[in-house]
Amino acid sequence: MREDGRRAIGLIAHDGKKQAMVDWALAHTDFLRGAKIYATSSTGTRVAEAVDGLDMTRLRSGPLGGDQQIGAMIVEGKLDIMIFFVDPLGTLPHDVDVKALIRLATLADLPFACNPATASLLVAGLAHPAA
């Protein structure tokens, strides 16, 4: 959690899952408005166009290094959550980068979700932590 008490969230979505990310963001606007969001370029653009009032920093496009920027934030302990909607049916020209992000999140014990259902459960768990 950031010094200001808000969570820092990384958002990434493959092209075939960008609409799913937009739909998920629309369903979780209150949570996202209370967070600092770091998103890859086109994912961030799509989400920001759909949801007003987000505190978002757009990084580079995933294939152009945006996913590596997110990875660096994970290593530096600057993210609290990563939501990365992976398209399992699409061609992944930068598959190695995807694996690297998942590896870093796992090593850092960073909560991360790769689909809308898991992302929603993660948000629900953060909104109502166990006693």
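The backbone N, Cα and C atoms fix where each Cβ goes, glycine too.
TrEMBL annotations: computationally assigned, not manually curated.
It should be emphasised that the depicted structure is a prediction, and the values quoted were computed from it without experimental measurement.
As recorded in TrEMBL, the features of this protein are as follows:
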type: DOMAIN; residues: 1-131; note: domain 'MGS-like'
type: BINDING; residues: His14, Lys18, Ser61, Gly62, His94; note: substrate binding site
type: ACT_SITE; residues: Asp67; note: active site, proton donor/acceptor
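In this structure the alpha carbons, written CA, of His14 (substrate binding site) and the residue listed as 'active site, proton donor/acceptor' are 11 Å apart. Here the domain 'MGS-like' (1-131) has, by DSSP, the following mix of helix, strand and coil residues: 66 helix, 21 strand, 44 coil. Figure note: comparing Cβ neighbours within 10 Å for the recorded positions His14, Gly62, Asp67, the maximum is reached by Gly62.
For the domain 'MGS-like' (1-131), the mean pLDDT of the prediction comes to 92.
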